[in-house]
Amino acid sequence: ERLTKRYVELVIVADHRMFTKYNGNLKKIRKWIYQIVNTINEIYIPLNIRVALVRLEIWSNGDLIDVTSAANVTLKSFGNWRVTNLLRRKSHDNAQLLTAIDLDEETLGLAPLGTMCDPKLSIGIVQDHSPINLLVAVTMAHELGHNLGMVHDENRCHCSTPACVMCAVLRQRPSYEFSDCSLNHYRTFIINYNPQCILNEPLQTDIISPPVCGNELLEVGEECDCGSPRTCRDPCCDAATCKLHSWVECESGECCQQCKFTSAGNVCRPARSECDIAESCTGQSADCPTDDFHRNGKPCLHNFGYCYNGNCPIMYHQCYALWGSNVTVAPDACFDINQSGNNSFYCRKENGVNIPCAQEDVKCGRLFCNVNDFLCRHKYSDDGMVDHGTKCADGKVCKNRQCVDVTTAYKSTSGFSQI
């Protein structure tokens, strides 16, 4: 089945050798890196991952860590610097160091395995090893693949080209495609580690690379971005322009269907009890109106309870929720135990001290139920107390663990009537 859409908020750091390699031309370096990110994004679309560049740092005044040709040593320093420096300045999911140094042992890149979202280890190092942008982009996509749990392809792994992205050796004609093995490794990583940081969609204003219509990232100046006209599945979006069609009224919401407002009168939030009011679409908005309910204190469930914030709390339902079927509310004698203040039998706690219930408040403390043939069953946890708003006597409800007159309980203290 199709994987959930995920977003990698990426920071790329170009070291000082990159700065000198491109003769200090920042515009040229930026353009080179934007091109790399666009390619990485295309490579990851089949995995339903979008890669958003949220920061680009060029070490124009000198390296901020010791960059050496020993890739593993440099990578470790970069991870430490990310924790103590970069993450404090800019929230992001993954950082890649792009270096113009010649890494040892024919290494073109290095990254730890399955570390996405880890503060120190969600990193990679990539050598700017070729004048062909695609080759550098595939290398960075490969290292990012390691962070996402993908190991090198073996002979039994296949994609539609001779060598796939996670091939151990980069070919001169590299592949855009992940193998079946890589896809399985990524799925396993997501299931086992469930990395949270790549679930949130980046803000338009966080993406620093120039907007690209069709990359499925919502960027500044775009109203929508559903991919290429061939793959777009959003009927509201014109894939060619990344603008909404002129007839579109809405894109999403409880009162939005097929890009139009749902007609007035369609229920969008059913009443959850006789104390709640069903809300219907207005025909003018994609949002369901604010949740409204009947006034607090209105009798409900054949006078067994009084409405409280859209519900009708009664002791029987609370007993049922705690103990299941074959329950009844315990006799009054059980509730009298709440006058003791011992153990869990009280109305309130003040500074850790149990305050016993007054005689008239006993049905607002610990809840007692008869379960099968057991009398006075109770739970010691907080959910074993009688709920606020529960009827405790005729014309009375529990408020602040006291059994008070229903008209007093719900009288507005601000002088305004309650909505």
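Using N, Cα and C of the backbone, Cβ positions are placed for all residues, glycine too.
The Zn(2+) binding site annotation in Swiss-Prot covers His142, His146, His152, and the record cites similarity to another entry as its basis. Mapped onto three states, the DSSP output places His152 (Zn(2+) binding site) in coil. Within its own chain, His152 (Zn(2+) binding site) has Met166, Cys167, Ala168 as residues 6 or more apart in sequence whose C-beta sits under 8 angstroms from its own.
What Swiss-Prot lists as disulfide bond is Cys157-Cys181 (among others). When secondary structure is read from DSSP and collapsed to three states, Cys181 (disulfide bond) falls in the helix class.
A C-beta separation below 8 Å, combined with a sequence spacing of at least six in one chain, links Cys164 (disulfide bond) to Asp153, Cys157, His158, Ser175, Glu177, Phe178, Ser179, Ser182. Cys164 (disulfide bond) carries neither a helix nor a strand DSSP state and counts as coil. Residues or ranges marked as disulfide bond by Swiss-Prot: Cys159-Cys164 (among others).
The domain 'Disintegrin' feature in Swiss-Prot is assigned to 210-296; the stated evidence is sequence analysis.
DSSP assigns Asp225 (Ca(2+) 2 binding site) to coil, not to a helix or a strand. Sequence-distant neighbours of Asp225 (Ca(2+) 2 binding site) (same chain, 6+ residues apart, CB-CB distance under 8 A): Cys213, Gly214, Asn215, Glu216, Leu217, Leu218, Glu219, Cys237, Cys242. For Val212, Asn215, Leu217, Glu219, Glu222, Asp225, the entry in Swiss-Prot reads Ca(2+) 2 binding site.
Cβ contacts within 10 Å of Cys224 (disulfide bond), excluding its own Cβ and spanning all protein chains shown: 20. Among the features that Swiss-Prot reports, disulfide bond is placed at Cys224-Cys237 (among others), with the record citing similarity to another entry.
Using a 10 Å radius centred on the Cβ of Cys226 (disulfide bond) and all shown protein chains, the other Cβ atoms total 19. Sequence annotations record features per position, and here Swiss-Prot assigns disulfide bond to Cys226-Cys232 (among others).
Residues or ranges marked as disulfide bond in Swiss-Prot (evidence: similarity to another entry): Cys236-Cys259 (among others). Long-range neighbours of Cys236 (disulfide bond) (same chain, six or more residues apart, CB within less than 8 Å of its CB): Cys224, Leu244, His245, Val248, Cys250, Glu251, Cys259.
What Swiss-Prot records for Cys255-Cys281 (among others) is disulfide bond, and it gives similarity to another entry as the kind of evidence. Mapped onto three states, the DSSP output places Cys255 (disulfide bond) in coil.
Swiss-Prot lists Cys268-Cys288 (among others) with the feature disulfide bond. Note on Cys288 (disulfide bond): other Cβ atoms within 10 Å of its Cβ, all shown chains, come to 18.
Sequence-distant neighbours of Cys275 (disulfide bond) (same chain, 6+ apart, CB under 8 A from its CB) are Phe293, His294, Lys298, Cys300, Cys307, Tyr308, Gly310, Asn311, Cys312. A coil conformation is recorded for Cys275 (disulfide bond) in the three-state DSSP classification, outside any helix or strand. As annotated by Swiss-Prot, disulfide bond applies to Cys275-Cys307 (among others), with the evidence given as similarity to another entry.
Classification of Cys300 (disulfide bond) by DSSP places it within a strand. For Cys300-Cys312 (among others), the entry in Swiss-Prot reads disulfide bond, with the evidence type similarity to another entry.
Cys334 (disulfide bond) is surrounded by 20 other CB atoms, counting those within 10 A of its CB over all protein chains shown. Marked as disulfide bond by Swiss-Prot: Cys334-Cys376 (among others).
All chains included, 26 other C-beta atoms sit within 10 angstroms of the C-beta of Cys398 (disulfide bond). Here Swiss-Prot flags Cys364-Cys398 (among others) as disulfide bond, drawing on similarity to another entry.
Listed in sequence order, Glu360, Asp361, Lys363, Cys364, Cys392, Ala393, Lys396, Val397 are the same-chain residues six or more apart from Cys403 (disulfide bond) with CB atoms under 8 A from its CB. Annotated disulfide bond per Swiss-Prot: Cys392-Cys403 (among others), in sequence order, evidence recorded as similarity to another entry.
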Inter-residue Cα distance where the pair is Cys255 (disulfide bond) and Cys288 (disulfide bond), in Å: 6
For His146 (Zn(2+) binding site), the one of Cys181, Glu222, Cys226, Cys268, Cys376 that lies nearest, given that the recorded positions are compared by Cα: Cys181
Count of other CB atoms lying within 10 Å of the CB belonging to Cys181 (disulfide bond): 19
Rounded distance in angstrom between the Cα atoms of Cys226 (disulfide bond) and Cys398 (disulfide bond): 53
CB-centroid shell, 8 A cutoff, Zn(2+) site His142, His146, His152, site residues removed: Ala111, Glu143, Gly145, Met150, Val151, Val165, Met166, Ala168
Average model confidence [pLDDT] within the domain 'Disintegrin' (210-296): 94
Same chain, 6+ residues apart, C-beta under 8 Å of the C-beta of Glu222 (Ca(2+) 2 binding site), given in sequence order: Gln204, Pro211, Cys213, Cys242, Lys243
